[in-house]
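Remarks on the structure that follows.
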Amino acid sequence: MEEVEISTEKKSNPVKSFIAGGVGGMCNVLVGHPLDTIKVRLQTMPTPPPGQPPRYKGVIDCAARTFRYEGFRGFYRGISAPLVGVTPIYAVDFAVYAAGKRLFQTDDHIRLTYPQIFAAGALAGVCSALVTVPTDRIKVLLQTQTVSNGPLLYNGTIDTAAKLYRQGGIRSLFKGTCACILRDSPTGFYFVTYEFLQELARKKSANGKISTTSTILSGGTAGIVFWTLAVPFDVLKSRLQSAPEGTYKHGIRSVFRNLMATEGPKALFRGILPILLRAFPSTAAVFFGVELTNDLLKA
């Protein structure tokens, strides 16, 4: 079984990881939100009537239309929800990951196996998903309402949260919880990929230190691995969270059946191009922010 040496001081302090994760999460949103908006709009556009073209022809067309009708601000529509929620989401993710690794560590330089890293990462994914759901629900509604045929129903994050609560209570805010947990279930692969590449960079380094470039490359690659596995669940989540109440009576199962019946398996990968285009820079930004904060806290 392959093992990787991870310092408890640097990698497995839940309190420091909580702070570093929050900073990394904010870096993620600032870098990745424009492509996230395009991704959500492609995933949630309705099936066109027979003989009619789809609302968007692809990533470039969606980006061009967004800029033409909404300007630069259109790409950052709904950003306040993830920015407000991103600190606890990523803070929980990295804190639980650190706590999970600590469970396997008995001293400051215990060698963890990759299955142990995977287990800690998977646990972190489930816990952070529970925090993610309300902000994801609000973000998706704000990102998609401007391209619907009806009037604007929501005016910002607080207004959306208040209206959702009035409509269906806490349950409405947490619509799509199961789908979100499934979407974040590959988090174990995310952390394994990152730790493996960082350890590889450390071994190849003359002084045993990891450069900023290595952190960016490792983080970006981890993001691509994660999202390649998560895309189908993300499509189902976006469809469910953007649909009017009562559209899918059995939740994610109803979304899946409807999607297969009307659009086929190909629809599960709708929006994959902007997802993968966004995955590298946004995830690289996460780990850059995390490692920079870890270094500052260690100083």
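Every residue gets a Cβ built from N, Cα and C, even glycine.
Taken through DSSP, the repeat 'Solcar 1' (12-103) splits into 72 helix, 0 strand, 20 coil. Per Swiss-Prot, the feature repeat 'Solcar 1' maps to 12-103.
The annotation transmembrane segment is assigned in Swiss-Prot to 79-99 (among others).
Taken from Swiss-Prot, the feature repeat 'Solcar 2' applies to 112-200, supported by sequence analysis.
Feature annotation from Swiss-Prot assigns transmembrane segment to 114-134 (among others).
Residues annotated as repeat 'Solcar 3' in Swiss-Prot: 210-296. Residue counts for the repeat 'Solcar 3' (210-296) under DSSP, helix first, then strand, then coil, are 72 helix, 0 strand, 15 coil.
Residues 43, 179, 182-187, 189-191, 193-194, 197-198, 201, 252, 255-256, 259, 267-272, 275-276, 279-288 of the same chain lie 6+ residues outside the transmembrane segment (216-236) yet bring a C-beta within less than 8 angstroms of a C-beta in it. The transmembrane segment feature in Swiss-Prot is assigned to 216-236 (among others); the stated evidence is sequence analysis.
What Swiss-Prot records for 272-292 (among others) is transmembrane segment, and it gives sequence analysis as the kind of evidence. Listed as Cβ neighbours of the transmembrane segment (272-292) (distance under 8 Å, sequence separation of 6 or more from its ends, same chain) are residues 17, 20-21, 23-32, 35-36, 38-39, 42, 58-59, 62, 90, 94, 190, 194, 210, 212, 215-224, 226-228, 231, 234.
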For the repeat 'Solcar 2' (112-200), the mean pLDDT of the predicted model: 89
